[in-house]
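Q: Just dropping this structure here.
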Amino acid sequence: MNFREKYGQWGIVLGATEGIGKASAFELAKRGMDVILVGRRKEALEELAKAIHEETGKEIRVLPQDLSEYDAAERLIEATKDLDMGVIEYVACLHAMGQYNKVDYAKYEQMYRVNIRTFSKLLHHYIGEFKERDRGAFITIGSLSGWTSLPFCAEYAAEKAYMMTVTEGVAYECANTNVDVMLLSAGSTITPTWLKNKPSDPKAVAAAMYPEDVIKDGFEQLGKKFTYLAGELNREKMKENNAMDRNDLIAKLGKMFDHMA
């Protein structure tokens, strides 16, 4: 599918520097879109922009922005107000692992600003813009962490659950329009962050996917599903989890990350 023809000229990837964000930026360009890269590290973004342009020939812009800043959403909206925006992809997330009370609360406040506040403002703005012109797409990158309580990662799991339920609800509200909204959930994905905190569960390691595969799989579902979990092994794992007693599931997941205690 040519995203430019269906949704508009520009795609923007929030959290584009590496992993799923980087893979998304390449894939949007391959699907015909000019792309705006948003992240904190300007030099890394510029290097990525050059690589995407050289491979695809598309126009790539760099927009350095810390999404935890109070006015981050307003700055991004202002920067894109005169562009034909077609696809918004919110990949960015902050997380902290460890016993809940041992994490500095300032870290949780920073996570909230990235995972909820900036995300919500951008979702609210662009869905309104897209529905007004009856064209566009918003993709939220979710995580298996948001599908259940997760010991030693409790705040992050709760915030990903928020992103999941809001996106799915808005997706249904847009069902009878030409605006496509989807939650694309990734399980274990081989990114720098994942490698730092690799789980001890062999099944989770075996199910790990490369970012490029997550995105190619997920993009094929845009416009077809409200919510999608990439990877057959991840879907099998989720069926197993859903069949468990919730108390047993929480204990099982906690044991996977006991080393974080």
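Cβ atoms here come from the backbone N, Cα and C positions, even for glycine.
As annotated in Swiss-Prot:
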ACT_SITE  Y156  active site, proton acceptor
BINDING   T17, E18, G19, I20, G21, R40, R41, D66, L67  NADP(+) binding site
SITE      S143  site 'Transition state stabilizer'
SITE      K160  site 'Lowers pKa of active site Tyr'
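Any idea what these are sitting next to in the structure?
A: All protein chains shown were included, and the count of other CB atoms within 10 Å of the CB of Y156 (active site, proton acceptor) stands at 22. Following the DSSP three-state reduction, the secondary structure of Y156 (active site, proton acceptor) is helix.
The secondary structure of G21 (NADP(+) binding site), as reduced to three states from DSSP, is helical. Listed in sequence order, V13, L14, G15, G39, E89, V91, A92 are the same-chain residues at least 6 apart in sequence whose CB falls under 8 Å from the CB of G21 (NADP(+) binding site).
For S143 (site 'Transition state stabilizer'), the same-chain residues lying six or more positions away in sequence with a CB closer than 8 A to its CB are C93, K160, S185, A186, G187.
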Q: Can you tell me how many other Cβ atoms are located within 10 Å of the Cβ belonging to T17 (NADP(+) binding site)?
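A: There are 22 such Cβ atoms around T17 (NADP(+) binding site).
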Q: Tell me the Cα distance separating Y156 (active site, proton acceptor) from R41 (NADP(+) binding site), rounded to the nearest angstrom.
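A: Checking the Cα atoms of R41 (NADP(+) binding site) and Y156 (active site, proton acceptor) gives a distance of 23 Å.
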